[in-house]
Amino acid sequence: MSYNVRAAIIGGTGLYSLEGMELIEEIFPDTPWGKPSDKIKIGKYKGKLIAFLPRHGIGHFLSPPEVPNHANICALKQLGVEEIVAFSSVGSLREEIKPLDFVLPSQIIDRTRFRNSTYFGNGVVAHAPFAEPFSPNLSKRIAQTAKKIGLEIHLDKTLVCMEGPLFSTKAESHLYRSWGADIINMTVLPEAKLAREAEIAYQMICMSTDYDCWREGEESVTVEMVIANLTKNAETAKKLLSELIHVLGNGDDLSLKNSTRYSIITAPEKRNSETVKKLRVLFPEYF
């Protein structure tokens, strides 16, 4: 791929395109992990060259466990992407996080069960640090932009990622609250883990659509409820992104550069050649 796109937007449920984007090209590349969720749009948005990828595909045909996260992140990495802002609907586990509120999580609890969450294994072992799963630098820029446009946004919250595709039971919802989790979704993992391994700064912007199913007297979450509230939030999300775009992809967060080099532990002579061949697409300088 001949582009050098430094910032990417991953759209979640309800966000399948970027209104106002001047399209240059759509690409649907092959990667060693297959094809991405859908065609990646490359274009200018408010004068900035960016990539846009709908996580669930246009028309929402991929459930959370089916999203080809390895291919998605690899394809964006090959474009030159250094920063990803990902959007997601979430359920609220806290009274103060109301439907239609925006949230910037800083921590994740992994409750997925069947998802491969790494590019490594199969003869090449690596252990990347993940204590801070989101980019503090990128999060700060998003928070500052939200303040600039007068958008209240909840900061430093804990996001629990469940397997899905079914929503939580009441017992699970109360359990996550007892753990200190604030919001819940099905898509931040392995997306955030793979972005970390790929040395891409990553932050998810979460939009609360419901109170999950823990709140007495409140209707439990439904797809209709999620879509209705995402539609209401569309204009606010667009306003935030139209300002945020100016502070993305400017080389402000290179803290992950070369970090994966020092996570690889397998001796060179013991590395599986087929795995090395795949990893070389992501990390040509390391293999």
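Note: Cβ is positioned from N, Cα and C throughout, glycine not excepted.
DSSP gives Thr187 (phosphate binding site) a coil state; it is part of no helix or strand. Sequence annotations record features per position, and here Swiss-Prot assigns phosphate binding site to Thr13, Arg55, His56, Thr187 based on sequence analysis.
When Cβ atoms from all protein chains are considered, those within 10 Å of Ser168 (site 'Important for substrate specificity') total 22, not counting its own. Positions annotated as site 'Important for substrate specificity' by Swiss-Prot: Ser168 (among others).
Sequence annotations record features per position, and here Swiss-Prot assigns substrate binding site to Met186, Asp210, Tyr211, Asp212 based on sequence analysis. A strand conformation is recorded for Asp210 (substrate binding site) in the three-state DSSP classification. Take the CB of Asp210 (substrate binding site) and look out to 10 A: across all protein chains shown you find 23 other CB atoms.
The site 'Important for substrate specificity' annotation in Swiss-Prot covers Val223 (among others) and is backed by sequence analysis. Non-local contacts of Val223 (site 'Important for substrate specificity') by the CB criterion (under 8 A, 6+ apart in sequence, same chain) are absent.
Annotation for Asp212 (substrate binding site): spatial neighbours Gly91, Ser92, Leu93, Phe167, Ser168, Ser173, Ile184, Ser220, Val221, criterion Cβ-Cβ under 8 Å with sequence separation of six or more. Neighbours of the phosphate site: apart from Thr13, Arg55, His56, Thr187, residues of the same chain with C-beta atoms within 8 angstroms of the site's C-beta centroid are Gly11, Gly12, Pro54, His60, Leu62, Pro64, Val67, Ser88.
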